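Participant: Take a look at the following structure, please.
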Amino acid sequence: MKLIKYPDRSQWNEILKRPVLETENLFDTVRNIINRVRAGGDRVVMECEAVFDKAELTSLAVTSAEIEEAEKEVPIELKAAIYLAKRNIETFHSAQRFEGKKVDTMEGVTCWQKAVAIEKVGLYIPGGTAPLFSTVLMLAIPAKIAGCKEIVLCTPPDKNGKVHPAILFAARLAGVSKIFKVGGVQAIAAMAYGTESIPKVYKIFGPGNQYVTAAKQLVSLRDVAIDMPAGPSEVEVLADESANPVFVAADLLSQAEHGVDSQAMLVTTSEKLQTEVVYEVERQLGYLTRRDIAEKSLANSKLILVKDMEEALELTNAYAPEHLIIETKDYMEVAGQIVNAGSVFLGAFSPESAGDYASGTNHTLPTNGYAKAYSGVSLDSFIRKITFQEILPSGMSAIGPAIEVMAANEHLDAHKNAVTVRLEEIRK
């Protein structure tokens with residue numbers, strides 16, 4: 001961890017830089033795999049699985065028998081926890097349902113919106129160092145609430161061709177339609193273009209490593225929508241002298257254990273807290289099973305001391321963190337001044353872990369500063385809003401002349417004529 005005290009504004013850009021991974025040949029590699037899958041379908045997907053996941057597969061689909069067997073392997077206490085998380089996620093996302101109302105913009109001119117679910121969506125759930133069954137809930141539950149007809153899930157198998165039981169349990173519970181043993185770039189390509197087994201979808205959701213992220217970016221240029229640009233996960237803790245250093249250190253470490261490219265930041269007005277957090281991080285680090293990962297991640301982490309809360313807020317909004325934890329005595333007032341963040345956790349007893357799993361909010365969030373322009377996944381991510389307008393003769397009489405003038409001044413004669421012929425009919 002790097003301790004920074006009272007940085008000058010000229011240093012902010014350097015201080016707030018995210019970890020950068022080497023990507024010199026990445027896009028060429030990813031593009032090649034995408035093109036191969038697009039041309040060769042299931043055969044190429046299985047070849048990729050053998051190379052990248054060391055799994056020799058004869059079929060890609062997860063069977064009902066496999067799901068039923070997996071459910072038996074999930075411990076009762078984990079099932080209970082998943083049920084609780086599901087209930088809270090459903091409650092929060094159900095409250096986001098759109099209720100469009102008709103608006104009369106003028107007499108005889110009525111406009112409205114209708115929310116329609118995206119019919120086919122694809123969910124990518126990484127394998128890697130941890131089974132992210134929580135991400136299954138975060139993506140499949142709002143998709144189901146939205147009314148998506150087909151929810152396709154791809155996740156990499158282990159070398160024995162098995163998918164983690166908790167992922168399968170969560171997928172069935174959340175209403176996933178089809179599950180496939182496919183990971184990496186090949187999974188994104190398969191969902192973007194379709195194979196003999198895997199349906200083509202209209203929008204792809206889910207996190208992944210730099211290869212998966214690059215694949216999502218490439219297929220989104222023309223062929224399929226994606227949830228958002230994504231990068232390594234990150235957290236900022238914004239704290240004053242009232243914060244508990246044990247809690248702050250725990251929050252920083254909970255982010256650091258995600259991956260070696262994760263970033264954990266503390267921005268504080270208290271030099272005493274900055275010092276105490278360094279001690280607490282070292283103490284708690286010794287208890288972690290993923291200590292090696294956390295230690296490497298902490299190399300990207302910074303503990304920044306600033307002169308006052310005004311500067312802390314300015315620095316925070318410039319950073320635009322994926323996760324922001326506010327541990328100050330007046331956290332509601334401070335929160336009111338946050339304009340750039342993915343998800344905000346207020347007060348000493350609101351750790352990021354709550355949002356990651358079970359509070360009900362979504363943990364699929366914009367990273368890498370994209371919180372300045374993007375929202376996290378919500379019910380809206382799975383729907384489209386179609387606009388409608390009904391114009392009666394009285395409405396056309398009211399707005400028609402203005403349309404004619406505007407079209408004429410844009411030199412679009414056919415646009416003008418489409419109104420003129422109607423006005424002439426009305427005047428008969």
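Easy rule for this one: first residue shown is 1, then count along the chain.
Note that Cβ sites are derived from N, Cα and C of the backbone, with glycine treated the same way.
What Swiss-Prot records for this protein is below:
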type	residues	note
BINDING	Tyr124, Gln186, Asn209	NAD(+) binding site
BINDING	Ser233, Gln255, His258, His323, Asp356, Glu410, His415	substrate binding site
BINDING	Gln255, His258, Asp356, His415	Zn(2+) binding site
ACT_SITE	Glu322	active site, proton acceptor
ACT_SITE	His323	active site, proton acceptor
Participant: So the record assigns Tyr124, Gln186, Asn209 to NAD(+). If I measure every Cα pair among those residues, what is the longest distance in angstrom, as a whole number?
Facilitator: 13
Participant: Counting Cβ neighbours within 10 Å across all chains shown, tell me which of the binding-site residues His258, His415 comes out on top.
Facilitator: His258
Participant: Would you count the other C-beta atoms found within 10 angstroms of the C-beta of Gln186 (NAD(+) binding site) for me?
Facilitator: 29
Participant: Determine the most Cβ-crowded residue among the binding-site residues Asn209, Ser233, Gln255, using a 10 Å radius around each Cβ and all protein chains in the structure.
Facilitator: Gln255
Participant: Here's one to test understanding: among the recorded positions Tyr124, Gln186, Asn209, Glu322, whose C-alpha is closest in space to the C-alpha of Asp356 (substrate binding site)?
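Facilitator: Comparing Cα positions, the candidate nearest Asp356 (substrate binding site) turns out to be Glu322.
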Participant: Would you mind pulling the DSSP three-state label for His258 (substrate binding site)?
Facilitator: coil
Participant: Whole-number Å only: compute the distance from the Cα of Glu410 (substrate binding site) to the Cα of Tyr124 (NAD(+) binding site).
Facilitator: 46
Participant: Please identify, from the binding-site residues Tyr124, His323, Glu410, the residue with the sparsest Cβ neighbourhood, meaning fewest other Cβ atoms within 10 angstroms.
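Facilitator: With the binding-site residues Tyr124, His323, Glu410, fewest surrounding Cβ atoms within 10 Å: Glu410.
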Participant: Look up Tyr124 (NAD(+) binding site) in the DSSP assignment and report helix, strand or coil.
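Facilitator: Its secondary structure by DSSP: strand.
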Participant: Taking only the residues the record lists as binding substrate, namely Ser233, Gln255, His258, His323, Asp356, Glu410, His415, what is the largest Cα to Cα distance between any two of them, in Å to the nearest whole number?
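Facilitator: Comparing all Cα pairs, the maximum is 56 Å.
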Participant: Sort out for me which one of Glu322, Asp356 has the most neighbouring CB atoms within 10 A, since those are the recorded positions we care about.
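Facilitator: Highest number of other Cβ atoms within 10 Å: Glu322.
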Participant: Which of the three DSSP states, helix, strand or coil, fits His323 (substrate binding site)?
Facilitator: strand
Participant: For His415 (substrate binding site) and Tyr124 (NAD(+) binding site), what Cα-Cα distance in Å is obtained after rounding to a whole number?
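Facilitator: His415 (substrate binding site) to Tyr124 (NAD(+) binding site), Cα-Cα distance: 44 Å.
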Participant: I need the CA-to-CA distance for Gln255 (substrate binding site) versus Glu322 (active site, proton acceptor), whole Å please.
Facilitator: 11
Participant: For the C-alpha pair, I'd like the distance in angstrom between Glu322 (active site, proton acceptor) and His258 (substrate binding site), rounded off.
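Facilitator: Glu322 (active site, proton acceptor) and His258 (substrate binding site) have their Cα atoms 13 Å apart.
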